[in-house]
Structure formats: structure tokens, C-alpha cells
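Worksheet: one structure, shown below.
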Amino acid sequence: MKKVIILGSTGSIGTQTLEVISSRRDQFEVAGISAGGSDVGSLAQQIIDFSIPVVAVAREDAAEELQRALAVQAGSRGRIVPNPRILTGPDASTELAAMPADVVCNAITGAAGLRPTLATLAAGTTLALANKESLVIGGRLVTQAAASGQIVPVDSEHSAFAQCLRGGGRNEVRRLVLTASGGPFRGRDRASLADVSAAEAMKHPTWNMGRVITINSSTLVNKGLELLEAALLYDVDLDDITVVVHPQSIVHSMVEFWDGATIAQASPPDMRLPIALGLSWPDRLPDAAAGCDWSTATQWTFEPLDNDTFGAVELARRAGHAAGTAPAVFNAANESCVDAFCAGSIGFLDITDTIAAVLDEHLSGDENDTLGARHVGDEALTLDAVLAADAWGRRRAAEVCARGIRR
């Protein structure tokens, strides 16, 4: 019986992780869950459904509200009111991540996942990582803290890489091929995207995801983050990772070996498969998701990425080459811009333009003594430097958005 802690349990990946566990209660026990606290009702339902002993909520004042929700839901279902240990505050998920477990699934959105990721690794627990941002911004701080095999990716693309890489030696790899659906605006030119709305950007063609990752997929920022994640996870040079557009989202990624062979992982788009692998790696769980239907004619297509229209991937590659605090600024500026875009304060194209402007400023070498503004390289990277760069990147992006982009 594996004990599992789920961070970000009320989000898309968190709820699907519980779904995977629900039909396998003889194999997995949920030892704790965490959430931001905006959906206390769902959190209470999860606690009751899975008899969860510990829950962490980022919102300081959530404890009483959660206890009331537990009483109401338990009463309506004729159940005894549970009395879990409730941790609250910004460090609650980090405290939970350090508790005894076999697997911690980090499904928190954004840079807030960094401290829980480091706490999980320090505890020696297997990390099923859906929070790519913590690896991207933490960089070598995360990879150096991890034992061999301790991080198991939950992103479908990186799970695909892990599976494909078992088909050859690491020294035999020529390149990684990272697939992208192309998002809702595939095939459109830059000028046609000037007036698209957040509602349009939320209409992903193949995946049902949370707000931030869906907007990131429309700008291709998500693919840029995945590029950085792949380089760090598998110690592959950024220039040996190619991004190709595959609209059907069936081939989740590929590995090309030095003899010319390419191994691909294919399955219908369903996050339950990489989640199940994240919980059970290197073993597979039977019937984790439906397989491909080979009884009907089908077509898989691949096309090059339009970097002129969607410049986020090359921006991410630039940040990755600079390393150190640059990826943290790339991610922070994006998160700030996504908030502004969803609030209607900036246009769609302003997202990547603002990221570029803020990243340029961070890497320019100007004598800016503002905490976090100046680039720190890998050789001097610390957690404080990453957090300062993250905070500066958010503030600076918000300032640029407020007064308009000047490049």
C-alpha cells in the first residue's frame, strides 16, 4: 500500500489523481491533500470520500470554513463528521510535503510549488511532478537536491520521454522531439491574434485543463516551460530538443537515437495515464486509460512550429541558455501577464511581448540594484536569489503592462 500526498488536490491534475486512486484503494492511500482554499466545498468532499487525515490550505482563515463544510457535507450524507488535522497559511503545503509518504504528487500551479518540491526531495520521498514551474525556476537547485529517479514527471510529454528513453542508452540519444498541439490559434498569423479574448484562449482543442495552463498553451509559453523542464529532467542540451506541432495530441513526445531510429509514445489525450505512471513508476497500472483505436482509419500529422507568431518557445530557450535566475523571471513575468490578460488589462500579444521586455531587462547587465532585478548565474544560484527574481519579475511585468510595452 503506497501512501500518497496530493498538493493542489482541487485542481485539474489533483482531481484526476484522486480519480486514479479511487478505483485502486487496495494499492494507494491518500495520506494528505492541499489546496489554495478557494473551493472549500470540494476540499471537504475529498476529505470525506478518502478519509484524509491531514489537509493543508494556503488561505489563513480557511480552517473554520472547512470545518463547517465538513459538518454540512457529512450530515447530508449520513456520515460521521471527520476531524482531520488542518494546516493553514502560505507554508502549509510545504509542511505537508515533508510528512511521511511514499509519493508526493505536486500539482500546485505556478512558482508556489517550488518550496513543496524542495521539501519533498529533502524528505527522500518520490516526487510525481506536475508542477513544472518549480523545476524550471529552481533549476539546478532542484536537480541537485534529487536522488537518481526521485523525480517522476506527470506532464504527458515528459512521461512520454521517460518511457521512450527506456528504449536505448542515454549516450545514444540524438535529440528529444517535444510535441505541441499548437493550441486554439494554430495556423493563425500574429496580426490576427491582436484582439483575441481570454474566453477564446481558454478553448483548447484537445485538453481540459486549469486556467493558467490553458492560457499558457494558447501562447505556447507552456511549451517553452516544457522545453526547459525536459532539458533539466534528462540533462539534454536545449539545442538538442526540437518542438513540433502535432494537432491530434496522440503522440506525446519522441526520442530520436543516434542510429536514426525514433521511438514515440502514443495514446489518446488523457492525463490519467501519466498520472498513473507517476504514482506507480516504473510499473504500469492496468487500464489506467483507454488505448488507441486501431480499428478505424486515422491520420496523425506533424508540422513545424511558427516561431514568428508564437515566440514564447524561443524566449524560453534563451532564458534556459542564460540559466540561473532567467527562467524564474520568464515564468514570473508570464504569470503576471496571464492575470492581466484574464482581467482584460492587456491584449493577447502583450503577454509574450511583456515577457520579452522583462527578460531583456533582467539579462541586460544594467546597474539595477533592485532586489531580484539583476541576473544571477547557475554558479551563484540560491533559493533566495530565485525567490527575489520571481518577485521582481512579477512586479516588473505588472509595471510594464500598466504603462504599455516600450521596447
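Yeah, the Cβs are placed from backbone N, Cα and C, and that goes for glycine too.
Residues or ranges marked as NADPH binding site in Swiss-Prot: THR10, GLY11, SER12, ILE13, GLY36, ASN131, GLU133, GLY210. For SER12 (NADPH binding site), the number of other Cβ atoms no farther than 10 Å from its own Cβ, over all displayed protein chains, is 19.
Per Swiss-Prot, 1-deoxy-D-xylulose 5-phosphate binding site is recorded for LYS132, SER156, GLU157, SER181, HIS204, SER217, ASN222, LYS223, GLU226. Under 8 Å, Cβ to Cβ, and six or more positions away along its own chain, HIS204 (1-deoxy-D-xylulose 5-phosphate binding site) finds SER181, GLY183, PRO184, THR214, SER217, SER218.
In sequence order, LEU129, ALA130, LYS132, GLU226, GLU229, PRO274 make up the list of same-chain residues 6 or more apart from ASP155 (Mn(2+) binding site) whose Cβ falls under 8 Å from its Cβ. According to Swiss-Prot, the feature Mn(2+) binding site maps to ASP155, GLU157, GLU226, an assignment based on sequence analysis.
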Largest inter-residue Cα distance among THR10, GLY11, SER12, ILE13, GLY36, ASN131, GLU133, GLY210 [record-listed NADPH binders, Å]: 18
Largest tally of Cβ atoms lying within 10 Å of a Cβ, found at which of the binding-site residues GLY11, GLY36, GLY210: GLY11
The one of THR10, ASN131, ASN222 whose CB sees the fewest other CB atoms within 10 Å, among these binding-site residues: THR10
Assigned conformation of ASP155 (Mn(2+) binding site) - DSSP reduced to three states: coil
